[in-house]
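Data block below; observations after.
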Amino acid sequence: MPTQPDDPSPSRADDSDRSLVAVAVLASFVAFLDGSVVNLALPAIERDFGGGLALQQWVVDGYLLTLGALILVAGAISDQYGRLAVLRTGLMIFAVSSVVCAWAPTGWVLVAARCMQGIGAAFLVPSSLAMINARFSGSAQARAIGTWTAWTGTAFVVGPLLGGVLVDALNWRWIFGVNLVPLAITLYLTTRLHPGEFTALSRSARVDVVGAGLNAVGLTGVVYALIEGQRLGFSHPAVVVALVVGTACLIAFPLWEWRTPDPMMPLHIFAARNFAVGNLTTVFLYAGVSLGMLVIGLFLQETAGLSATEAGLATLPVPVLSFLLARRFGMLAGLHGPRLFMAIGPLIAAIGYLLMSRAAEPFDFWTQMLPGLVVFGLGLTITVSPLTAAILAAVDPAQSGIGSAVNNAVSRISGLIAIAFTGVIIGGTVDFEGFRHGMLVTAGLFMLAAVISAVGIRNDQCDLGRVSPESTAPCYDRATPPPAYPPRSVSAPRD
């Protein structure tokens, strides 16, 4: 049950409540902002360090690799060691790694620091949300999460523009250095929280160390093979060994999860049809989002000649449309069922990428890119909220926490693998031909997501009234603005 501080004074309690919400907002905002600005700095990083596309892929995937490996066990670690303690640890890891990123003398030091950032980020969002859920209940909880989503959602809107301005006006290193101010404020505010409120829930809780290890080694091996295979050759012994070991670990992962009593990913949850189909849709949808946005960001600067600020402005239609309209489509999914939106949305997004695939010399952003970006943004906006709601409505409310964590991990890992495939897809360079290949493959990924949703999702198995704000909140840690949730009193129609 939610707990309250021992001090009964209303003014002290209100001050503590505000501090808690501020801590949750700032901790998550920093993690979300960092994820939305890095793509715009990649060309500048490559100019400083060299390393070509492979280094750029590692800068993005280093963060996603450790985040994807730990995100499913973060909740169990918070329960075992205390949510406030784990949050502070995550903040300190993120702060130290941000300093190392800003200082990095070589590209590989930067990649190592990005891996550290991913470790810190893995504990920020789950711990901050768990603290909100522990402190508040009922309408107060809904208001607190509403405040959290409103403020953290802005990170996806301001991130691209802020990142571009920092790169052009100062230096790419400032996109990491700017993290220190909100991190310092957040660490200070944690000292104002009641020390005994967020202690460990259960010292006997077991963390699935073997599962986390298999996941981490498997992902690392596959990602290394895909990225370094372009540079070393796919027949190189190191690449072959990494691919074999990584694949073996990923095959062993579900076998271990099936037999262990404390799995990080309980496989029985996939028995719910809409949960399984929705997560399969998530694989292709977020692979497309991650691949497409990376290729667009690189192409606009390295080939089209836009500055980082101009590239940030160019991609603004996507987060702005989602931020403004996602809640509306979540409401419509509550009235008409999610399947229609989950089928049509990815198709519209695919059309956007097909439009952008026609870019050629002489390049003109207004006619060759902007229409496609707007269409893609609209398609993604139509899809995200119904997809999230359909997945979470498929599981028992008591399992909504693990359901949202699994879906969040699926989206992160699919993006990780898609980015690792970038060099294979575009041929190692983001010229007009490579860009066209990237856009066509991305369009194909969205089409697959549309077909899977149209064939697999069942509206009659989707009671969206079971979806609550506290269950959707963990899904907000995405490459797109946060999804909305439909009114709890609304149920989707039958097929």
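Placed from the backbone N, Cα and C atoms, the Cβ positions cover glycine too.
Marked as domain 'Major facilitator superfamily (MFS) profile' by TrEMBL: 20-461.
As annotated by TrEMBL, region 'Disordered' applies to 471-495.
Per TrEMBL, transmembrane segment is recorded for 20-42 (among others).
Taken from TrEMBL, the feature transmembrane segment covers 62-78 (among others). Same-chain residues lying 6+ beyond the ends of the transmembrane segment (62-78) with a Cβ under 8 Å from its Cβ atoms: 34-35, 38, 86-87, 111-112, 114-119, 121-123, 126-127, 130, 205-208, 211-212, 215-216, 219-220, 223, 262, 264-265, 401-402, 405-406, 408-409, 412-413, 415-416, 419.
Residues or ranges marked as transmembrane segment by TrEMBL: 85-105 (among others).
If you look at the transmembrane segment (111-132), the same-chain residues 6 or more away from its ends with a CB under 8 A from one of its CBs are 20-21, 23-25, 27-28, 30-31, 34-35, 55, 58-60, 62-71, 74-75, 77-78, 83-84, 86-87, 89-98, 100-101, 104, 141, 144-145, 148, 198, 405, 470, 473-474, 476-477. Taken from TrEMBL, the feature transmembrane segment covers 111-132 (among others).
For 144-166 (among others), the entry in TrEMBL reads transmembrane segment.
Sequence-distant contacts of the transmembrane segment (233-256) (same chain, at least 6 residues past either end, Cβ-Cβ under 8 Å): 210-211, 214-215, 217-225, 263, 265, 267. For 233-256 (among others), the entry in TrEMBL reads transmembrane segment.
Marked as transmembrane segment by TrEMBL: 277-300 (among others). Same-chain neighbours of the transmembrane segment (277-300): 39-40, 42-43, 53, 56, 60, 270, 306, 310-311, 314-315, 318, 342, 346, 349, 353, 356, 359, 365, 369, 373, 376, 380, 383, 387, 390-391, 394, 406-407, 410-412, 414-419, 421-422, 425-426, 430, 434-435, 438-439, 441-443, 445-446, 448-449, 452-453, 456-457, 478-480, counting only residues six or more beyond its ends whose CB sits under 8 Å from a CB of the stretch.
If you look up TrEMBL, you'll see 306-326 (among others) marked as transmembrane segment.
Under the heading transmembrane segment, TrEMBL lists 338-356 (among others). Within its own chain, the transmembrane segment (338-356) has Cβ neighbours under 8 Å at 278, 281, 284-285, 288, 292, 296, 329, 332, 368-369, 371-384, 386-387, 389-390, 439-440, 442-444, 446-447, 449-451, 453-454, 457-459, 462, 464, 492, 495, counting only residues six or more beyond its boundaries.
Per TrEMBL, the feature transmembrane segment maps to 368-392 (among others).
Among residues of the same chain six or more beyond the transmembrane segment (413-432), those with a C-beta under 8 A of the stretch's C-beta atoms are 52-54, 57, 60-61, 64-65, 68, 219, 222-223, 226-227, 229-230, 282-284, 286-291, 294-295, 298-299, 302-303, 359-361, 438, 441, 445, 479. The transmembrane segment annotation in TrEMBL covers 413-432 (among others).
What TrEMBL lists as transmembrane segment is 438-457 (among others).
Outside the transmembrane segment (306-326) by six or more residues, the chain places 36, 40-41, 43-44, 153-154, 156-157, 159-165, 167-169, 293, 296-297, 300, 365, 369-370, 373-374, 376-378, 380-381, 384-385, 480-484 with a CB less than 8 A from a CB of the stretch.
If you take every residue in the domain 'Major facilitator superfamily (MFS) profile' (20-461) and average the pLDDT, you get 87.
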